[in-house]
């Protein structure tokens, strides 16, 4: 192939609508994290969008250098499209063909690249466009793909579904996608914004039990009294009755009962989900956290005597067993090791606690995760190991992290209380005076930053330009 032809082919590739041009890895810390999120979504979306998942897995295989495996995933996607969308097979296959072209390009098989570029061109030319067309089905496919990736892709997924609905406002699939994206983006503060799309999606998809549980979760989070609270419970019960073996329904229903402070019901549902996917790290993690909630329930009851202690240790044992299975299945899971460490500390197993704290410190953590770890380890040093100086050190390290969070405020409060307690015993305590000076300096810096931000907003200097909104 001549250089001109190769350049022309590369130009055509860049115009294709597919995973290789959607920038799906943007903002990801690593390929492992990205893969983990995708597999997390894969295992629970176990009935629908199988072709979408095959395309996404093909992209992941390519990123890992497994191009032959990627091609096998794409072949499977083609088969599924023929089964699921026989009447729209050409339009629905455009993304898959684009992925084929890119994989073959990276394999150096340019003649095969040309075959798939031509297949895309043949379909697009029917709509007076060479290599890409505006199609609600393509927008929908991109939307589901971005939803599977989660995180910072949810906002873009919502835009895709909104765009698709402009052309087909009553389409059940597009409406479901918009509802799920709205649910994910409406975390805090809870508002009516996700309720209406969910209700509309359920009207158009009355057999989609997963949507019903999402609506129940949103209603519960709104904390509305009376009818809507009862409506949420009814929705979950109906979903479980009609879809008793669907893992995404089971898991989301378990979340509903956890939020209602009913850990036993949540554990029952999560264990049922484990029957279908027994080695899933996330399910074991959630079961462990439910047992941890039961630990705190027993501690709050302040049961005395041997029975209370025995019950506490039994619950800690169940929590630890499931959390260890989660850690063994996926040692990158967020917070698992620090939770394990805290549970071992409650059971007076300090060597095990120290081991898991240090394992968590060895990981690459987000700012908030680092703050939480410093808070938990500081508490361990303060209350179990009776080492106030180490506790102070970790609370200070956590507060130094430039991230607003509840954990940061808790550590500031603890430092304040420790310093005041020490000064009440010794007014010249240098460590306590140092802590108070540190907190005073920190508060002054934060106040100055807030004032600078307000001045910037008033002057308009922080308002983004039109080009920034367009991603330029």
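The backbone N, Cα and C atoms fix where each Cβ goes, and this holds for glycine too.
Residues or ranges marked as compositional bias 'Polar residues' by Swiss-Prot: 462-472.
Residues or ranges marked as N-acetylserine by Swiss-Prot: 2.
Swiss-Prot lists 446-472 with the feature region 'Disordered'.
The repeat 'TPR 1' annotation in Swiss-Prot covers 51-89 and is backed by experimental evidence. Per-residue pLDDT, averaged over the repeat 'TPR 1' (51-89), rounds to 95.
For 90-135, the entry in Swiss-Prot reads repeat 'TPR 2'.
Taken from Swiss-Prot, the feature repeat 'TPR 3' covers 136-171, and the record attributes it to experimental evidence. Away from its own ends, the repeat 'TPR 3' (136-171) comes close to residues 17, 19, 22, 24, 26-28, 34, 37-38, 40-42, 45, 49, 52-53, 55-56, 88, 91-92, 94-95, 177-178, 180-182, 184-185, 204 of its chain (Cβ-Cβ under 8 Å, at least six residues beyond either end).
Sequence-distant contacts of the repeat 'TPR 4' (172-208), counting only residues of its own chain at least 6 positions beyond either end whose CB sits under 8 Å from a CB of the stretch, comprise 136, 140, 143-144, 147, 150, 154-155, 157-158, 160-162, 164-165, 214-215, 217-219, 221-223, 242. The repeat 'TPR 4' annotation in Swiss-Prot covers 172-208 and rests on experimental evidence.
Residues or ranges marked as repeat 'TPR 5' in Swiss-Prot (evidence: experimental evidence): 247-280.
Residues annotated as repeat 'TPR 6' in Swiss-Prot: 281-335.
Across the range of the repeat 'TPR 7' (336-366), the DSSP-based residue counts are 23 helix, 0 strand, 8 coil. What Swiss-Prot records for 336-366 is repeat 'TPR 7'.
Sorting each residue of the repeat 'TPR 8' (367-405) by its DSSP state yields 31 helix, 0 strand, 8 coil. The repeat 'TPR 8' feature in Swiss-Prot is assigned to 367-405; the stated evidence is experimental evidence.
Per Swiss-Prot, repeat 'TPR 9' is recorded for 406-448. Residues 368, 371-372, 374-375, 378, 382, 388-389, 391-392, 395-396, 398-399 of the same chain, all 6+ positions outside the repeat 'TPR 9' (406-448), place their C-beta atoms under 8 angstroms from a C-beta of that stretch.
Taking Cβ pairs closer than 8 Å, the repeat 'TPR 1' (51-89) reaches residues 18-20, 24-25, 31, 34-35, 38, 42, 45, 95-96, 99-100, 102-103, 106-107, 137, 141, 144-145, 148-149 in its own chain, all 6 or more past its ends. Listed by sequence, the residues of this chain that lie at least six past the ends of the repeat 'TPR 8' (367-405) yet keep a Cβ under 8 A from its Cβ atoms are 334-335, 338, 341-342, 345, 348, 350, 353, 357, 360-361, 411-412, 414-415, 418, 431, 435, 438-439, 442. Sequence-distant contacts of the repeat 'TPR 7' (336-366) (same chain, six or more residues past either end, CB-CB distance under 8 Å): 29, 285, 288-289, 292, 295, 312-313, 316, 319-320, 323-324, 326-327, 372-373, 376-377, 379-380, 384-385.
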